[in-house]
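For reference, Swiss-Prot has these:
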type	residues	note
DOMAIN	8-43	domain 'EF-hand 1'
BINDING	ASP21, ASP23, ASP25, ASN27, GLU32	Ca(2+) 1 binding site
DOMAIN	44-79	domain 'EF-hand 2'
BINDING	ASP57, ASP59, ASN61, THR63, GLU68	Ca(2+) 2 binding site
BINDING	ASP94, ASP96, ASN98, GLU105	Ca(2+) 3 binding site
MOD_RES	LYS116	N6,N6,N6-trimethyllysine
DOMAIN	117-149	domain 'EF-hand 4'
BINDING	ASP130, ASP132, ASP134, GLN136, GLU141	Ca(2+) 4 binding site
Amino acid sequence: MVDSLTEEQIAEFKEAFSLFDKDGDGNITTKELGTVMRSLGQNPTEAELQDMINEVDADGNGTIDFPEFLTMMARKMADTDTEEEIREAFKVFDKDGNGFISAAELRHVMTNLGEKLSDEEVDEMIREADVDGDGQVNYDEFVKMMLSK
């Protein structure tokens, strides 16, 4: 399943993995997973975090290494995003709940994830998804972007 991933996808997943792997030791712990999820406005219990790790922890050592992370991502991609997952993701970005993702909201979420982006990079991300050219991303544009990746 992992062999169906492109080099570009693997590189993107490596970048995502390093956002989770705060101490850079090559493993994601429940603590690191919790930190990232809380920065995205989620509030998982310790048991839920452990369950998430156990789901993909092939060698049973209690953490997720990059090959396990890749397997999980490949599985998730094969099991394409449900509308519910996309709606939840949209809500994470749409902080004020007005139905649009502004550049400021996008920057806020990316910064919480530890991703420092320049104004140009944020504007570029908005432009790529902003089909109607109003300078922000509405739900339909967000769905198109999520399904086209």
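Using the three backbone atoms N, Cα and C, a Cβ is placed for every residue, glycine included.
Overlay of Swiss-Prot feature records on the structure.
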residue	record	Cβ contacts under 8 Å, 6 or more apart
ASP21	Ca(2+) 1 binding site	ASN27, ILE28, GLU32
ASP23	Ca(2+) 1 binding site	GLU32
ASP57	Ca(2+) 2 binding site	THR63, ILE64, GLU68
ASP59	Ca(2+) 2 binding site	ASP65, GLU68
ASN61	Ca(2+) 2 binding site	ASN27
ASP94	Ca(2+) 3 binding site	PHE100, ILE101, GLU105
ASN98	Ca(2+) 3 binding site	none
GLN136	Ca(2+) 4 binding site	PHE100, ILE101, SER102, ALA103, ILE126, ASP130
Tertiary contacts of the domain 'EF-hand 2' (44-79) (same chain, 6+ residues out, Cβ under 8 Å): 1-2, 4-5, 9-10, 13-14, 16-17, 20, 26-30, 33-34, 37-38
Top Cα neighbour of GLU141 (Ca(2+) 4 binding site) in the set of recorded positions ASP25, ASP96, LYS116: ASP96
Cβ atoms near ASP130 (Ca(2+) 4 binding site) (within 10 Å, other residues, all chains): 19
ASP25 (Ca(2+) 1 binding site) versus recorded positions ASP96, LYS116, ASP132 - nearest by Cα: LYS116
Listed in sequence order, residues with CB under 8 A of ASP96 (Ca(2+) 3 binding site) and six or more positions away: GLU105
Whole-number Å value for how far the residue listed as 'N6,N6,N6-trimethyllysine' lies from ASP134 (Ca(2+) 4 binding site) (Cα to Cα): 24
DSSP state at ASN27 (Ca(2+) 1 binding site), helix/strand/coil: strand
